[in-house]
Amino acid sequence: MINFTSLSTIQNLAVISNLLLPLILVTISMPYFIKKFTESGLLGRDYYKKGIVKIPERGGIVILLMALLAISFTSLFFKYSTTNYVVLIVISLFGIFGILDDMIDIGRVSKLFLMYYCSYPLIQYATHTALVLPSFGHIELGILYLQFIVPTYVLVASNLVNMHSGYNGLASGLSAIVLSSLIIKSILLGDVENIYTIIAITGALLGYFLYDRYPSHIFWGNVGSLTIGATIGAFIVIQGFIISGFIMFIPHTVNFLLYVYWRVRKFPVAKFGCDRGDGILEVPNPYTLKWVLPYYYNLTEKQATYAMYALTGFFCLIGILLPGRI
């Protein structure tokens, strides 16, 4: 018999409902939004397909909207901590900023400056301010963690997610792997009190992924990448998973470092590869992580994407297995 007065039972029900409800809402509503985005001319080119293929974009709006609706509904049955709502405010700020970025050119410097301060509401609610290292124990960072690491981590995470994209289902799939891994780690620690809203975003992301996976029916736009990137960053700093979160993000970090090397060496600018005509990818160089394998081997877009899933999944497994809040 289920004991509905038990705290663990209530937490389990909250986790399940916040994961499944937005997933179902996105899955059901996405065809409608795909139709509306297409009719409105909100289309982007899929460069890795033969010929000129246009796909509706800004699907990230649906992720954010359905997650908000789901949280509004489940809040009738569960009492969430203040931290959940603060996290939701920060994620929504990044999402709104992403909508603006899709509409107008804000500028790189202005974008970074404004996004940095969008995460400031988290500072008062990041209760885990110690860095845990196996050889040194707990290193209390205090004000440094709150004033520097919290906003920087969220900003960097959102931009890394935005950069490590391009193939059908790549960014959303990798983000789903990272978020699912962070949720599993939190459940293993028995600490889910402050991540219910993040679980709702994850559920909405999983629903979106069903339409973004190869072959994509919709792209998520900057609103999607910034929303999900901020979700991952907020998750990591609120739970204190600084080291394990960094490990899970190693492929994204390597992708960024390859980009830096590319720019420092002043190699020719190239944003996209293409389908050479037989389904095999043709990429201009190996200086972005998703292009490394296709540059040296004959791979299809789907194969290259699955390789990136496997790589991130490997590092996420390491992050999960690290003890405690490392």
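We count from 1, first residue shown onward.
Note that Cβ sites are derived from N, Cα and C of the backbone, with glycine treated the same way.
Annotation source TrEMBL lists transmembrane segment at 12-34, 55-78, 84-100, 142-161, 168-188, 194-211, 223-250, 306-324.
With a cut-off of 8 Å between Cβ atoms, the residues of this chain six or more beyond the transmembrane segment (306-324) that come close are 132, 164, 167, 170, 173-174, 177-178, 181-182, 184-185, 188-189, 241, 243-245, 247-252, 289-290, 293, 299.
Sequence-distant contacts of the transmembrane segment (168-188) (same chain, at least 6 residues past either end, Cβ-Cβ under 8 Å): 15, 46, 48, 161-162, 195, 198-199, 201-202, 205-206, 208-209, 212-216, 220, 224-225, 228-229, 231-232, 235-236, 239, 241, 244-245, 248-249, 251-252, 290, 301-302, 305, 308-309, 312-313, 316-317, 319-320. Note on the transmembrane segment (194-211): residues 14-15, 18-27, 30, 34, 59-60, 62-64, 66-67, 70-71, 74, 78, 80-81, 83-85, 87-88, 91, 125, 169, 172-173, 175-176, 179-180, 183, 186, 217-218, 220, 224, 227-228, 231, 234-235, 238-239 of its chain, located 6 or more positions outside it, place their CB under 8 angstroms from a CB of the stretch.
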